[in-house]
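Colleague: Pulled these features from TrEMBL for this protein:
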COILED    A:84-111  coiled coil
DOMAIN    A:3-72  domain 'HTH merR-type'
2 protein chains.
Amino acid sequence: MKTYSISEVAKILNLTVYTLRYYDKEGLMPFIERTSSGIRMFKETDIDALRIIECLKSTGMPIKEIKNFIDWCSDGDSTLQQRYNMFIERKATVEAQMEELKKTLELIEHKCFYYETALEAGTEDIHKKNKIEITY
Amino acid sequence: MKTYSISEVAKILNLTVYTLRYYDKEGLMPFIERTSSGIRMFKETDIDALRIIECLKSTGMPIKEIKNFIDWCSDGDSTLQQRYNMFIERKATVEAQMEELKKTLELIEHKCFYYETALEAGTEDIHKKNKIEITY
DNA sequence: TTAATACTTAGAGTTAACTCGAGGTCAATG
DNA sequence: CATTGACCTCGAGTTAACTCTAAGTATTAA
């Protein structure tokens, strides 16, 4: 079974070796095996696990909470409910984030339009009722 | 014209007074007027400006870059192009973030399904070809 | 066999974004 | 006229997530 070095994994996942070692130090990678001389050997399944970690991270989950999940995984079937609950909760937060982003995008698109017309007019004043105000 | 105190604005925008003062310290609020005794008086337009700041922040823009934008606003029409470019760029990053989130959501939904079936079966083993592996 | 290269650890340093404490001012109320 | 509460500044402290340095080990290539 092929294994990967830390720098190979860093390249694959677009992370730095520092970050990977930091994750290991924080207990996010209890599954990584080592050579007799202590060098980490990453299996394909380890890389998949890291992808899940990255996925959770991208939902804004702090590393300490991700560690809880990793610990539950090591604990086996007795923690299935917790893990399920966690993903259901994550699903809700991501959906909320998408809603947030949608609103953000709308405001930004409005501003794009605002500046487009201001550029055409050569001045922002066309958007101001009262020309003394500055609109941010 | 009605004005608001810092604590009122904090309540409206769901921020702390500490955060608002921090933004001011960082130069994000050069437009806020003060009473003769130095107390900040927020106008409606100031609150709108803060909403834009929050919007930019929610796209992941660091405060120093938001400050650039605020400075451009104070500089007037000569910076219209920069500000337009900035919003176009923000639009692109938000769209990329939405794509990212979509993928994240798919993975999470997959995991919800994974744990749902595992819970029904009472064990995670049903998902494993090789029952010795742990799947994270 | 020696040089280069990639790995190891422990622990210190960095950065962003708050977050707060101390000490002070000011306006209103009993 | 003293007290209360909301405001002020300055600067220190906190936290998360890296990011890096130093000192050392292991593997390969000439």
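Indices start at 1 and increase along the chain as displayed.
Glycine is treated like the rest: Cβ placed from N, Cα and C.
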Colleague: Quick check on the domain 'HTH merR-type' (A:3-72): DSSP residue counts for helix, strand, coil, in that order please.
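Modeller: Its residues fall into 42 helix, 6 strand, 22 coil.
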Colleague: Average pLDDT across the domain 'HTH merR-type' (A:3-72)?
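Modeller: PLDDT averaged over the stretch: 97.
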Colleague: Which residues of the same chain, at least 6 past either end of the coiled coil (A:84-111), have a Cβ under 8 Å from a Cβ in it?
Modeller: 56, 59-61, 69, 72
